[in-house]
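K.L.:
Sharing a structure below in structure tokens format, with a few things to ask.
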Amino acid sequence: MTQPKTIIDKIWNKHLVHQEEGKPDLLYVDLHLVHEVTSPQAFEGLRLNNRKVRRPELTYATMDHNVPTIHRNVIKDEVSKKQMETLKQNCNEFGVELADIDHPDQGIVHVIGPELGLTHPGKTIVCGDSHTSTHGAFGAIAFGIGTSEVEHVLATQTLWQASPKTLNVKVNGELGKGVTAKDLILAIIAKYGVRFGTGYIIEYTGQAIRSLSMEERMTVCNMSIEAGARAGLISPDETTFEYIRGKRHAPKGEDFDKAVEEWRALATDEGAEYDATVEIDADEVEPQVTWGTNPGMCVPVSATVPTPESGETVNEKAEIQRALEYMDLEAGQSISSIQLEHVFIGSCTNSRLSDLRKAADIVRGKQVHPSINALVVPGSKSVKEAAEAEGLDNVFKSAGFQWRDAGCSMCLAMNDDIIPPGERCASTSNRNFEGRQGTDARTHLVSPEMAAIAAIEGRFVDVRQYTEQPV
Amino acid sequence: MEPIQQHTGKVYPLNRANVDTDQIIPKQFLKRIERQGFGQFLFYNWRYYEDGTAKEDFSLNEEKYQDATILVAGENFGCGSSREHAPWALEDFGFRVIIAPSFADIFYNNCVKNGILPVTLSEEQTQELMNRAEAEDYPLTVNLEEQTVSDEYDFHAHFDIDNYSKEMLINGWDEIAVTLTKQDKIDEYEKQTLGV
């Protein structure tokens, strides 16, 4: 019998173009996703060296980071406009398919890849964006790259990559009622820190992971980079295959059945060994809220803001102190006492139809708190349409939310969706870094459900108590 | 890119861990389509108030660090976003070497592609370098051939770096040109898998 292998090793070995002693592996790339912010200098590099895109048919582009989510036909920011126009020109010149701002398939790159059926198990997928790890939910090796690497993939359809170490993140038991995939990944990062995944590809395993829907799996894999891992994936199963079935770029008929057999064989073999394993009990995970300036600075909603003394080293204590000052929080204050001004539901972490449904279920028939400016930004045009078809837009609008067009929006505030200095936002996005949502803005990462309640109450309330109350 | 074999320069100590690329170059400067000119925006929100006046309490604004070329920082430097604008900004400001106990994976690769040498030393060693650089003008020599970091006094450390990154940095190679020497391998792979 052959030695049991992880899905990571299986995919890696299948994509080896060249191996040489003392060098990284030359790895073939099956799908290259492109957006407007990290690609212009790469296309320019091709032009300067008289190179072309080797496989335009394996390359797919969209506009998401810069696009306005309101009044889309007038882009006021000239620099943003130029960046979008540059992408259009580049895609034209190099023959790359583009879902531009007016295209019906436009959306956040990590939302539309799976939605269009471009993301499959076993693929190697890259994009000039660190949240490319999202696609790992399908059992693909998917990771973010810099612009030089974008240029390299455009020119050669390959990348030099050191063979990764493998890390098993084993999630035992089941998540409790009201506890989401977002809470799970935040709890994992809170427990093991923002760098435990550095140098590894993570595989998420265990019963709780098997029970997650595809969209929930995407939320988990999306934030692998927040744990330091460039890629995080989940072995494919029936849930994966059913999601892909019928998608536009998915194999059809007999080809689909054949593909499923191949995909099934990718799953990690019984007894395969990882370079490292960490575990967490899903049953113990509570709804999470970040209090600080990185995603590991996170506690359950029932907890209090930590004290600098809780840091283990001098540097850690200083880091907590700095975060408290930036966030304008008192050590020891309860999470539920934090007053909010903004709520953002969106981003490649939590802007899919199921996220919007869960948030809508909470706000239905209620009113946004008078102190709150609340925004829902669907992840793609097709998510927006599907949500509107079931009336979710009206649920949000009658509650007092703004209902916007698709894009990255307030996750990184490159467009006009910016939190003003000193103000505070409950956000379903992935990063609570200083200034992420606006200069001197303060971000608290939460699940869509927790964000929805925060919009109604103006502060953080445990979703489990909220949903137990009679309506 | 510019080759780097040995570099001597002044140290700027940034005693913070988990410095993310949003801090190194905030998003409002990512809209440009050029590769040059990002140095003025390096650590922008730490260096400047919103009206553009310099924050006096941020050390990189001190006159003595304006010609620093070696950045020494805490763990997990360059975490977060994959934006290559971060190494572009560091390089344009004048930094050729970054020393830290650990780097984020994507940022590390981005440095190597831009002729910036990322040097991994222990927590104690980086802390020692930061202490010395905070006390006085502190030049350091980094020798990539020998894989050593040393000062004019008694500091001497060896660092590890993979052969491939070392070779790329020393020679300042265009990686795409290197890869294209393997074009027959890529053709062969595509023939077998894509049938083209």
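Cβ atoms here come from the backbone N, Cα and C positions, even for glycine.
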K.L.:
With A:Cys408, A:Cys411 listed by TrEMBL as [4Fe-4S] cluster-binding, which of these, A:Cys348, A:Cys425, is given for the same site?
P.N.:
A:Cys348
K.L.:
If you draw a 10 Å sphere on the Cβ of A:Cys408 ([4Fe-4S] cluster binding site), how many other Cβ atoms land inside?
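P.N.:
A count of 33.
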K.L.:
For the [4Fe-4S] cluster site (A:Cys348, A:Cys408, A:Cys411), what does the 8 A shell look like? I mean other same-chain residues with CB within 8 A of the CB centroid.
P.N.:
A:Asp64, A:His65, A:Ile108, A:His110, A:His131, A:Gly346, A:Ser347, A:Thr349, A:Ser351, A:Gly407, A:Ser409, A:Leu412, A:Ser429, A:Asn430
K.L.:
Suppose we draw a 10 Å sphere around the Cβ of A:Cys348 ([4Fe-4S] cluster binding site). How many other Cβ atoms does it contain, all chains included?
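P.N.:
Neighbour count, Cβ to Cβ under the 10 Å cut-off: 27.
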K.L.:
Can you check which residues sit near A:Cys411 ([4Fe-4S] cluster binding site), meaning Cβ under 8 Å from its Cβ, same chain, 6 or more apart in sequence, and list them in order?
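P.N.:
Residues satisfying the criterion: A:Phe344, A:Gly346, A:Ser347, A:Cys348, A:Thr349, A:Ser427, A:Ser429, A:Asn430, A:Arg431, A:Arg436, A:Gln437.
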